[in-house]
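Taken from TrEMBL, the feature transmembrane segment applies to 87-113, 125-146, 166-188, 200-219, 247-273, 285-302, 314-333, 340-362, 417-437.
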Amino acid sequence: MADAKGDEVLTEAQIPLGRWPILSYGVGHMLNDITSACWFTYLLLFLQEIGLAPRDAAIVMLSGQVADGLMTILAGEMIDRFGHFKLWHTGGSILVGISFSSVFGGCLLCTILGTDSYLVRTVGYSFFAAVFNIGWAATQVSHMSMVNYMTLNSTSRVALASCRNAFTMVANLGLYGIALAVFGLVSAKACSDIVLQYRWIAYVSIFVGCCFLVVFHAGTKEPTLQSKSDCKKSARISWGYWFKKTLYYQVALLYMLARLITNVSQSLIAFYVTRDLRMNEYSKAIIPAIIFCCSFFVSIVLQEIRWNSRRLKSLLTIGAILWVISGAAVFVLPSQMHNLMYPLAMVIGAANALVMVTTIGLESSLVGDDLNGSAFVYGSLSFLDKMSCGIALFVLESYEESISCGETRGLNTVSRYGTGLIPSCFAVIALLVTSTLKLQDTTPRAAASAASLEAPLLV
């Protein structure tokens, strides 16, 4: 009787999900995505414009990345053990909303202690940066690892991940739309105006993200799918299982490089367009918006492709090559020819989409049917992503020259390296690693993974 009930649950879990569950799941990461876009694009710029030295601004960023990385591992382990995906998601979202408004809304610790000393500001921003990233990691890991527990249908799994990716693009475009409107309505003539600008951006972003959270919780049920139907998968998978797989290291390195390419360039592009290319203030919203527009359009095109291992490697290679070319062009682009940044932004957007979609596809392919270890995989790979990005930005900003509020500067080699040359170098490494990938579509285990790659990327 128990076996019959188990078979019935298994059969039901293999039925494709409807549009509403996929859509409601896809919007569940919007708060994370819209705040993350603001975080990586404007945090360093905001902190330096209100008076923090570049190195101290990088310390704030690094404290958040370290906290994020550690929490990612912890959240992955705890979710694998105890589940409760939506509880983790809710708790993380609350921390994100409170701490994000505390960073961009001004120095809350300074207000509490009644002082505006430089040390208190640095410590205060670093503390809330850590809290923000702890909440962000809890939400991210719980949301990503839900996919393999919501359904056993390979097409639905890809549809869930693809819908999430689509709304990531929407969140980024929404953030830059909000920023463009705020920069146009609130002029920055003093440091107090700069704080006001980013406060409005933060509050509106949180409000929009919370609206989508309501949709997520209304339409997404707590996953009840378990691995008990298969004796092989009933026991929790140990870390050592993954460490023995060559593909784990290859996917981990490729995912880390993809995140380094996108996050490092995104974090420094506002500096690059306003200070290196001497473009107007609107450019720090328009150029990132163009990048994400192109990423979104390329992702839509990718949904028409039937995925297999060969195409996965080919498109990852094309994305990396596009980044090598565009990054080199960004590095040598003179300020007198700053209008060329618009077509370059389009190429960067396409390259970002190709690199990120394919590496996320590799993650899903790596996990396959090993449900009881999915959170660890997503958590450990995100740990590498957070730590490497934090360290890379800290090293870069350590060579940055200090700049006071409202002050302009000449050619900034740090932002040129960080926006152009360094991501290109990461892309070259990604090309080398991709060439070593050996993905099989013929074995039973690989066939299950390949099937998930032959479904549309977006719904």
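For all residues, glycine too, the Cβ spot is worked out from N, Cα and C.
From a predicted model like this one, the values you see are computed outputs, not experimental measurements.
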Chain residues in Cβ proximity to the transmembrane segment (285-302) (below 8 Å; excluding those fewer than six residues from its ends, i.e. six or more beyond):
37, 41, 162, 165-166, 169-170, 172-173, 176-177, 179-180, 183, 266, 269-270, 273, 279, 315, 341-342, 345-350, 352-354, 356-357, 457-458
Between the transmembrane segment (166-188) and the transmembrane segment (314-333), are there three or more CB pairs that fall under 8 A, provided the residues in each pair are separated by 6 or more in sequence?
no
Between the transmembrane segment (125-146) and the transmembrane segment (417-437), are there three or more CB pairs that fall under 8 A, provided the residues in each pair are separated by 6 or more in sequence?
no
Compare 87-113, 125-146, 166-188 by their Cβ pairs under 8 Å to the transmembrane segment (200-219) and return the stretch that comes out on top.
87-113
What same-chain residues lie close to the transmembrane segment (247-273): Cβ under 8 Å, and 6 or more beyond its ends?
37, 40-45, 61, 279, 283-284, 287-288, 291, 316, 323, 327, 330, 338, 341, 348, 352, 355-356, 359-360, 362-363, 365-366, 377, 380-381, 384-385, 388-389, 392-393, 396, 412, 414-416, 418-420, 422-423, 426-427, 429-430, 433-434, 436-437, 439
Chain residues outside the transmembrane segment (87-113) and at least six past its termini with a C-beta under 8 angstroms from it:
28, 31-32, 35, 38-39, 42-43, 46, 75, 78-79, 120-121, 123-125, 127-129, 131-132, 134-143, 195, 198-199, 201-203, 205-206, 209-210, 213, 216-217
